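Here is what TrEMBL says about this protein:
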{"type": "DOMAIN", "residues": "37-286", "note": "domain 'G-protein coupled receptors family 1 profile'"}
{"type": "TRANSMEM", "residues": "20-44", "note": "transmembrane segment"}
{"type": "TRANSMEM", "residues": "56-74", "note": "transmembrane segment"}
{"type": "TRANSMEM", "residues": "94-116", "note": "transmembrane segment"}
{"type": "TRANSMEM", "residues": "136-154", "note": "transmembrane segment"}
{"type": "TRANSMEM", "residues": "193-221", "note": "transmembrane segment"}
{"type": "TRANSMEM", "residues": "233-257", "note": "transmembrane segment"}
{"type": "TRANSMEM", "residues": "269-288", "note": "transmembrane segment"}
């Protein structure tokens, strides 16, 4: 007598009317600022010839991902806050989950590629143009997007082929792995193990590449104690390292852990950090800490 779930209901947002309106205004402003910041950075990188280099090519990809990440989840959340339309169809939840995991996974791999790019720039400056060629940059970018999509396809197929026949209330404001997995009425141990192993291996691999790259950069800086080299190295790598710490820390806390540690209230806070705060901070961090980007933004604004 079990009936399949045809839709899910988001219950991760407050039911108090006065708080809902405040959250709507707050999240709308954050979303608009995120969209404006990342679009401005994309326009500056694409139109300014001074920024046509591997570093800014990858930064443009990062801005595109930061534009997509909140766009996947925030409009639906704003509709739930303003119109109280908290339902989402099964297929809509599937598509939202696939898109979000693809974007998050791609960004994890892209940050590792950006760390390798900074390693080559600092440790092999003379060979940098030949190593980071246009062909290699294109291959790395396509590889990160393809890996993110395949990773998302695996997670989505494992999650949404489970049976959903009981509660349909998601303790979150979007369709994510832990809250949806908790609603399944079939055994999830084997699939949870596969998801955990795949996410752990891919995430740890990207993290290792990033950590090793920055260790090599640090050793290179210590070996060459030239005047001003500390300032130059940290001006180019400090912003990237800040983004890495914010994004890796929050995503690892969300996905690379067993389901029995799932806490709806804590996970909602963490998801806000990598889903809304990090995409907002990325263009601010890069534009404020990089003189070339600031000059490009001034030229774009003056043209407009």
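Every residue gets a Cβ built from N, Cα and C, even glycine.
Ranking 20-44, 94-116, 136-154, 269-288 by CB pairs under 8 A with the transmembrane segment (56-74) puts 94-116 at the top.
Counting same-chain residues at least six beyond the ends of the transmembrane segment (269-288), those with a Cβ under 8 angstroms from any Cβ of the stretch are 27, 30-31, 33-34, 37-38, 40-41, 59, 62-63, 66-67, 69-70, 73-74, 104, 172-174, 176, 239, 242-243, 246-247, 250-251, 253-254, 294, 297. Non-local neighbours of the transmembrane segment (20-44) in the same chain are 13-14, 51, 59-60, 63-64, 66-67, 70-71, 74-75, 77-78, 81-82, 276-277, 279-280, 282-284, 286-287, 293, 296-297, 299-300; each lies 6+ residues outside the stretch with a CB under 8 Å from one of its CB atoms. Within the chain, the transmembrane segment (94-116) has long-range Cβ neighbours (under 8 A, six or more residues past its boundaries) at 55, 58-59, 61-62, 65-66, 68-69, 72-73, 76, 88, 140-141, 143-145, 147-149, 151-153, 155-156, 159-160, 174-177, 180, 202-203, 205-207, 209-210, 213-214, 240, 243-244, 247-248, 251, 274.
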